[in-house]
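Below: the structure, in structure tokens.
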């Protein structure tokens, strides 16, 4: 009997409420309407990332100790509150406070959601279906974001602030979804709340487990690359003089492409050796960066689609690598390590690329980001490449 099957449906709702993002397709226009340049925008997003950095590991540890359900519920409440604050805020510093609340909400959800999915499947003896379900949940999120892109365009036509009002309602849907989750594992007494204990467990696990360390670094480097690319898409649209009404439409189509490839990621995984699988994804993502920078014209939209298609494969496959090598009792914590690395990296790289976009050009920002990604990714997976990992 699959007693935790209903958790998957709730996780779909949580993912959709997070990814049905009415704000993202027009947020650069919103910030610019409030007198901000790309450098300030990237600084604002770095504040968001730093808020996540401060809470990522503690929230993952809380999920493993306190319970994934409670942590997801707290994250849902904070996420809703952040968008409510944004709805009535003006100016950089007010936005910064809202970003901190949103960052806290994100950190309590990230890691705990994938851990809840894996442990629910494991409890029902279906852990081998993780990539399929992670891919489908990711796909549902991307389809939701795609549909939100269309709605965002219409809402922004009324007011650039109206997407935030409706985003609060969407984000609040995660609260009842989190309430009906059923905790699959009783962790009482398994771990302590000690910060020292948390640090020792993470350090010991990563030092002893080379495969886990490589998996985390690979997924984190790739996650940073996909996050950074997403923030360069709207400047790309603007650079090719795309009409504003097309922003939401193309954002929708890009996310539909991620949704399709994510849904079929489980069919791609394992078709070739892990070494070739990893190298193929790394190379295609890097090429997406390079060619997007070299072709800042309307025909260059093709390379944006290439990147997004490969991104849909990379996320569930690389997350599965982490789950394969992670002990159940610290799964959310380890997944939070991955998310922590992404946010630290973005907090450093984001403002640099924002400054480069403003002061040099978008082409240079794309090419530099692509070069940094391929170097970092190859260094991350070198232990696998040197051992000819199958």
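The backbone N, Cα and C atoms fix where each Cβ goes, and this holds for glycine too.
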From the ranges 183-201, 278-296, grab the one TrEMBL calls transmembrane segment. 278-296
Same-chain residues at least 6 beyond the ends of the transmembrane segment (278-296) with CB under 8 Å of its CB atoms are 218, 222, 225-226, 229, 232, 236, 239-240, 272, 303-304, 306-307, 310-311, 313-314, 317-318, 362-367, 369-371, 373-374, 377-378, 381, 384-385
For the domain 'Major facilitator superfamily (MFS) profile' (1-388), the averaged pLDDT of the predicted model is 83
Does the chain bring the transmembrane segment (246-266) near the transmembrane segment (334-353), so that three or more CB pairs sit under 8 Å (pairs 6 or more apart in sequence)? no
Looking only at the recorded stretches 12-31, 37-59, 334-353, which one has the largest tally of CB-CB distances under 8 Å to the transmembrane segment (71-88)? 12-31
Outside the transmembrane segment (12-31), six or more residues from its ends: residues with CB under 8 Å to it: 38, 40-41, 44, 72, 76, 79, 83, 86, 95, 109, 113, 137-138, 140-142, 144-145, 147-149, 151-153, 155-156, 160-161, 163-164, 166-167, 170-174, 177-178, 230, 234-235, 238, 244, 247-248, 251-252
